[in-house]
């Protein structure tokens, strides 16, 4: 048993090395024209005929009458093992040469090998230099040129000598290639040919990228190829298996690709006389064409030319399917912006200010990046970093996104949807256990599930008010005594959601005005909080007017850590805060007009929608203590700030105090699906206990604790805090490492265009200097900067004159550094305008 165990450990360590290398390699944003069809050629397993299919498609495309000099096919083989004795690009090259002679249609053909391992290069008899990665750049090219003829370009990008899986070949031949390098080389080759094709309106170009082995075969880094090529999300052709057992293998391969978000235009396989196409067509419900090729001759001496001639009708049908699918895709993408403006009612959007050309068409997402379609840019796809974290919800990198997709698929297949009251099922139970052992550890004992952050707040308010009434004996009062007014104490600038109760619990703002909410009255005591920010390289405190006389004494901090230092509790400022809060709470103690402060609700540390302001944590901590001394239940609204958004799993670790009730959503599920929870103490739960159902908490949603959301949340909670999966977790396991480059942060905070900076955890925000007319939520002052950042591949959406960049808990600091570098450069241009 010992040798087996050691082998397994070595395998796991090697796998982790591969995975770490993939995750730490940040892929530069790509830019791919879509005006010519480009397809990935997949197969359900190795040796099923991918290269035969590529050759047949090439012949059908190039060897047609009448031929055209503007017709070109690019065949890329990114990863080739067994080279040079085995070369798929050479096979396509030689067969097209023979087929062109057979059909008497001249074509220009070339075959190039760009890089190989040293053993592979030596097998070619080449004397080459070896790079640090162990790969050699080759000047290997074979070509036959015919002027004015269609053109075939075959390119092998990376080759190894051993006829084994690429990850083993790379390891054994000491010649590694990072995933990002493979993708960048594919992009470069595709763009070179496509941009040449754009110059001629009559050009006709088809690009094939043939994978190695099966759908889930590893690439040279160990990353599965279905994950390796996912950033491009090119449509695919799946070469299935016509043999006994091939139905299962083909379906498994198809499902693996669909689960990762690939589109498959057709399935094609060799006929083995088992009629596999019938059950496959039935399974695919005619959504995807299933094409059958004649049996391939088994005689090694057969040059297959007659087989290609016999298969011509199938390959023509396949080619036409590919061309049509690409046209339909482009037609849909080109029409989406216009149609969206006609049928959508976007939230937080003045439609009169949105022009069709400014609508962002999102084709897909991979990790932190959108794939954006631009019809005006040669019908191209380009990547943009989602600096809004899709409105503050997103956390996954590409690896975690695929993991969550699998978890969601499994749970949907197992449970569909089941109702929650008086029921238990594994995803909900596991999620609740993880919540109580994580963000609720040390204080919470109950988990109440709901749909989104705002509904979680509604539930929290009901919980808090009931607890307050029980503690102050209002529940047993006479009918006359029950005519009391229960309000909240909250901070100006906080935002707790769009539902009616949540809006009542926040101070007047653009979100609560008469045009937005005619019922709004503002049922609370709303206080102006002290805020902290970075400016000119120093952390400063901004005190409300009521504290203005002490501003000079408490103006700056040496570091952000000092702001959160618990030793500040013994400071003079803490005593001033306490006296100020005690005075206001006493004035609204309920003596007058039967009004009572029945709950405290705060966004801990950061006011998000209110402008990304950092509230002095000392002030919030003192406020919590003052309310607790008066038996006023405390609600933490961690919908935005929870689950590592601010660098810790829960802001209780930053504030140094705990609530009675807390709300979580957004990053709870990694941002993949809506789900919210309201956590509460035993004492809060007990305030709803009684013999009558009328004393229970009568609030719920049809999708409360939906299995898919709970399973996704459980996976996200575990993933974010595990150092093996999230390499940003520090050795203590309680905080994220610093993601934003300190020197760049300091430089930006000192920029003449910048009023203030807030940086913590996954959040970087700045307020642009602007006069009163250009400040606030309705301001369009940042529009030109927004446009420049999107040109740089950064998708951001401002809060008036506040610009923010938001990454995920797993985002590489190198990516964050690149974002800040681009922002700093654009700030200079913005300032000049």
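From the backbone N, Cα and C atoms, a Cβ is placed for every residue, glycine too.
Between the candidates 352, 430, 666, Swiss-Prot assigns the (8S)-8-amino-7-oxononanoate site shared with 391, 392, 495, 700, 797 to 666.
Same-site candidate for Mg(2+) binding, as annotated by Swiss-Prot with 51, 88, chosen from 195, 210, 255: 210.
Binding of pyridoxal 5'-phosphate is attributed by Swiss-Prot to 453, 454, 701, 702, and the same site annotation extends, among 386, 397, 637, to 637.
The DSSP secondary structure for residue 637 (pyridoxal 5'-phosphate binding site) is strand. For the binding-site residues 50, 701, counting C-beta atoms within 10 A of each C-beta gives the highest total at 50. Candidates 51, 212, 392, 495 (binding-site residues) were compared with residue 81 (substrate binding site); those inside 10 Å Cα-Cα are 212. When the binding-site residues 454, 702 are compared by the number of other CB atoms within 10 angstroms of each CB, 702 has the fewest. Cβ crowding, taken as the number of other Cβ atoms within 10 Å, peaks at 453 among the binding-site residues 453, 700. According to DSSP, residue 210 (Mg(2+) binding site) sits within a strand segment. Closest by Cα distance to residue 495 ((8S)-8-amino-7-oxononanoate binding site), from the binding-site residues 51, 210, 212, 701, 702, is 701.
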